[in-house]
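Written below as structure tokens is the structure these notes are about.
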Amino acid sequence: MALLSFAAQPSPIAIAQDDVAVVVAEDSVAESSETLSISDPLAADVEAVAATPAELEEKIAAAALAGHNAWMLTSCALVLFMTAPGLAMFYGGLVRRKNVLSVLMQCIFLMGMMTVLWAVVGYSLSFGGSGAWVGNFDYLFMNGVQRYWSDAAGGPVTPMLSDDIQIPMLTHMLFQGMFFIITPALICGAFAERMKFSAMAVFSLLWGLLIYCPLCHWVWDGGILAYGSEHAFAGGALDFAGGTVVHISSGISALVAAILIGPRMGYLREPIQPHNLTFTALGAAMLWVGWFGFNAGSELLSDDLTSSAFAVTHFSAAAGALAWVLTEWCILKKPTVLGASSGAVAGLVCITPAAGFVQPMPALFMGALAGIVCYFACSKLKHALRYDDALDAFGVHGVGGTLGAVLTGIFATRACWNISGDSKLGLIESGDPSLLIGQVVAIVVTYAFAGIGSLILLKLIDAVIGLRVHAESEQRGLDITDHGEEGYTFA
């Protein structure tokens, strides 16, 4: 995501108005300053806009920068929209009525706490320096990220991300920060309705710093899992928008948390039904829309690859929803709103690591396969192993992210990603399993690091402040006992 993106090659630009013709091409800019042919009363206006090819080229570059930055800021808003209201409503509808506010509060609280943590130190630990294991403190307190005054320049200076990716570093910091927010929020689905709010807050803070930041650096900042990095294990892995960093890490952490904290009271002995599937369906739709910023925004520019990532994201979500519904229709004899919502999210999760590397037809296959596999993970595997992943964080994000990472190693193509013509990527294109092996290595490393790390953190928190609410609080509901409020109060 961070530095694997590429800028579209500049193409000739033609501006025509009746007899006015202004043609600027790369060769003409280099060879001659005489590029204007003007025989019209509008000539003075044209000359005012671009007196020389160099000035016109500068204005074109400025316009491109503005366009890229506008798209990225839009993507920032879309990804934040995924946490609340998207995930908040999706999860909120799945819990029982007495716990709806507790889930909404978790999402909104994390929007605040994780943002502050990211701005102060998280971004620096993730994207500072070029070491193998973790970032440094170069960007501590946003040093080198925010605009600053330069006497040499005679004005304020905006640090840019890189020569190739011309967006402000502040924009990049904001965009990546939205991922930092939603990832621990995904984990909350596993221990919904029974974990102390204080324990959730401490766990999310420590998990973000000690697990997410290193993983982010490993994959997106030249670390041990970055494709082509000098530090990479087995050549590294491709992860366009967070299959390993976001979904596998949150999924395995959710599974560990669900097992360690134990099932909800009455689990598998009495029905525990979602209280508001309308919320869940609307939340899924919001996630679907927000995911366009999540995946297509990960190109970090607005170009032709952005369009491809946008399209495959939509196709995979659609195929996932369709496949899940058809599967449960065959088995349960009824298509459900919950199935359509969950299937769409499964398809979105699966395409996340592959969004910038695969074509639309493989994306349809990936989404459909995710819908089927995640359906069985949530409906069969969970009950067979008797763990209470309350909102199926592992079944959708862990399983879907793993599937997507593997399929990226199969379907990735140089036709999507701007790579040397001599290089081939996925197993189908190249016949070489090297990338697939790198993907599997990244999956195993992420499972081990996030899983063991989460286990240690949860054990420590349990020893100090405790993880689980008292039985009486769980029976009454966390809305009242933790927050002193009710989600539904009717006069």
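Every residue number used here counts from 1 along the chain in the order it is shown.
From the backbone N, Cα and C atoms, a Cβ is placed for every residue, glycine too.
TrEMBL annotations: computationally assigned, not manually curated.
So that you can see what the record holds, here are the features copied from TrEMBL:
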type	residues	note
DOMAIN	70-488	domain 'Ammonium transporter AmtB-like'
TRANSMEM	70-91	transmembrane segment
TRANSMEM	103-125	transmembrane segment
TRANSMEM	169-192	transmembrane segment
TRANSMEM	199-220	transmembrane segment
TRANSMEM	240-262	transmembrane segment
TRANSMEM	274-294	transmembrane segment
TRANSMEM	306-325	transmembrane segment
TRANSMEM	337-355	transmembrane segment
TRANSMEM	361-378	transmembrane segment
TRANSMEM	390-415	transmembrane segment
TRANSMEM	435-458	transmembrane segment
When counting C-beta pairs under 8 angstroms to the transmembrane segment (274-294), the leading stretch of 70-91, 199-220, 337-355, 390-415 is 70-91
Six or more residues beyond either end and a Cβ under 8 Å away: which residues meet both conditions relative to the transmembrane segment (435-458)?
203, 206-207, 210-211, 214-215, 218-219, 224-225, 227, 232-239, 244-245, 248-250, 252-253, 255-257, 260-261, 402, 405-406, 408-410, 412, 425-427, 467
For the transmembrane segment (240-262), find every same-chain residue at least 6 residues outside the stretch whose CB is under 8 Å from a CB in it, and list them.
1, 4, 179, 182-184, 186-187, 189-191, 194-195, 203, 207, 211-212, 215-216, 219-220, 225, 294-295, 298, 309, 349, 352-357, 387-390, 393-394, 396-402, 404-405, 408, 442-443, 446-447, 449-451, 453-455, 458-459, 462, 467-468
How about the transmembrane segment (306-325) with the transmembrane segment (361-378) - do they touch, taking at least 3 C-beta pairs under 8 Å (6 or more apart in sequence) as contact?
yes
Outside the transmembrane segment (390-415), six or more residues from its ends: residues with CB under 8 Å to it
91, 94-95, 186-194, 237-240, 243-244, 246-248, 250-252, 254-255, 258, 264, 342, 345-347, 349-354, 357-359, 362, 366, 369-370, 373-374, 377-378, 381-382, 421, 423-429, 433, 435-440, 442-443
Check for me, if you would, whether the transmembrane segment (337-355) reaches the transmembrane segment (103-125) - at least 3 Cβ pairs under 8 Å, residues 6 or more apart in sequence.
no
For the transmembrane segment (70-91), could you work out the same-chain residues 6 or more beyond its ends whose Cβ comes under 8 Å from its Cβ atoms?
103-104, 107-108, 110-111, 167, 171-172, 174-175, 178-179, 181-182, 185-186, 188-189, 192, 279-280, 282-284, 286-287, 289-294, 296-297, 300-302, 306, 341, 345, 391
